[in-house]
Structure formats: structure tokens, C-alpha cells
Amino acid sequence: MAMAMATTKHRHKSSHGEGGVSSSASASASAFDGGSRYGSGYYKNAKGAQHGDKGSSLQRKLKDRELQTFVIGLTLLSTTCLLMSMRSQLKVQPLRLASDQCEPVTQERLDGMVYICNGAGCDYSFLCHSINLLRFESNWQGPIYVISDRQDFISEAACENNRAKYEVIVAPETPTMMHMKNFKRQLFDLVPNNATRLIYIDADILPVGCLHDFLANENPKDIGMFLDSWCKGCNKFLGGFVYMTNTEATRRCLQEWIDESSSDDFKRYKKDQDAMDSILAKGSVCNEAIHTLSSSYIETFDDNMILPLFGVIRGKAPTFQHFSHGIRGLPIWPRIKRNIEGQIEHVYNIEDDDESGESKQQQQRFVNK
């Protein structure tokens, strides 16, 4: 009886305990449900927060882009101002003269440098600058020939009474420019002493670097020419500089050039480069005879001054600078020419320079020859 009552009590306690567990579970479930609802509410709020973060991120990106645009614009403006300043400086210092004393060059490398100055149209003042730079800056110690019909050259009164020691080849008067230009294609018949290697150079090309460096790296078998400037309407080759060796191929090429440029009684072409382009297109021997000289040795001072600007940026050190007809036809040219004359004043005063002893000795050696 007692055991039955104890067992019944025990069962009641167990039942109460199980009921307690059920209540706890219900409470836990209720708490979980409440948590789920809170959690759902929380996630809704998180989505809103995410939308806010996206908005802030977009604003940051826009600000970054604005900053990048500002920096790029400022860089472009600064670069443009720098380029404009450098371009303006070209008008003040047009020449890039050799920084060191050039090694002397004698007839062992070349038989002569040849200029042509015929008629009143010849700018003999600029020609004199080219001759003096060739002699005293580029340090050419060999013969300089001037083919001319002008009395000031024939009498050797030009270029400060022939200070640079040129030799005159008297030429007949020429009725047209093309007649005069044909002289450069006849140099082996005009220059004395059976020359075999000559360079024809226009008066508007100034030697500013070392001729020795150029000749050490350029040795054309027949003819060497620079490419013409890069521009609309430019020709393939620059006609103002011809490095020629007296070979059969050279003579054939030059004769074909003479024949074409003389077409229609010298009236077909205004530029002899046009005649050259024509014979090249016809399959002339000149296609094989002409070697393209490296453009690193020459720089054209064009009317927009773009090429010399790029040359300065690249640190180019040309041997020759070509002052094209375009730049010489602009109102700014007299100023540029005056500044050129200021830059080469030392060339004309080189004998009075105490530091130029070696140059004076070299000049004296040439004069004694």
C-alpha cells in the first residue's frame, strides 16, 4: 500500500517534471518565434542599411571620378603650358649646337662640301652662316666650294672676305631656278681635282653638330639622301642634301634626274624633288642607288615648330638643322634669324677666344695648306 502510494507520488512528480519540460520548450519556442520575428525585422533593417551603403559608395565613386578628372585636366593644362613654353624658347634659341669640341675632319673622309649661290635670290648671309658653322663648329678642314655667278663671291669679298676659306667655282648665269639646281647633279664635272666623294648642301641647312660623327656612321655606296619632312605634300627625299660617290649607278641616277627636271624646257616642275619622285615612280635606277640617311642626323625647323619641339623633348642632337621655306616665309623669321646670329656669334669671334687655341691651330694648319 505504502509502495503503491510512493510510486503514485513518484509518477506525479515525473508527470509534473515532464510538464515542466514541456512548458520550457513552449517558452523556448515562443522565444524563438519572437526572435524570428525580431530577426525578420532586423533583416529588413539590414536591407535598408545595405541600400544606404550602396548610395554612399556611389557618391564616393563619383567624387573619385571628379578628382581623377580634375587631376587629368590639371596635368594636361600643365603639360600644354610646358610645351608652349618650350616652343616659345625655340624662337629664342633655335640652334642646338654641339656641346663639345668636334674632332677635325679632313679630305681622307670626303673630297669637299659644295654650296650653290646663283643670282639675286641667293640669301648669301645665311649661306655665310652655314659655311662658317661648317668650318668652325663642325670642324670640317677640307675644301668648301661655292658655285656662284655673284661678284661678291667671285672676288672673295663675301662672308667677311672669305674668312672660312671657300673656293669659288664660277658658274654662268641661269635663267631659271631649275637650271641652277641642275648644277648639284653635275658636281663631278664641275668640282676640280677629280673628286670622288662630295656632299651638296643647301644654304638653308646649318651644320650644328660634329661632321666627324656623321661621316663615321654614314658611308653610302652611291648616293645618300635624307627623307623629306613629314607633312602634307612633302616629297620622298630632301633635295637640299646629297651625299654622292662617283660611281656608275650615281651618274646614271643623276642623269635621269637631270633629264626629268629639264622636261618641257625646264617648265614641268617647280621643285626638283617632284622630278625625283616622278623618276622613282617609273622604276629609275635611283631606287637602288639612293641610300636613306638616318634622320637622327638632321632636323627640320618647320613652320609650326613641331619637329624641333619633339627633338628637344627626345634630347635629339642633330648634325644639321634645316630651316625650311615654310618657317622662312613667316613674319617671325627675322626674329628667329637674329637669334640664330646671336647663338653663333662665338663662331665669328673664335680667333679672339683664349680657350680656342686648338681651333686656331687647326684653322692655321688648313690655311697653310
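Cβ from N, Cα, C; glycine included.
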Of the ranges 67-86, 227-246, the one TrEMBL annotates as transmembrane segment is 67-86
May I ask you to indicate which of 1-31, 156-186, 311-341 is given in TrEMBL as region 'Disordered'?
1-31
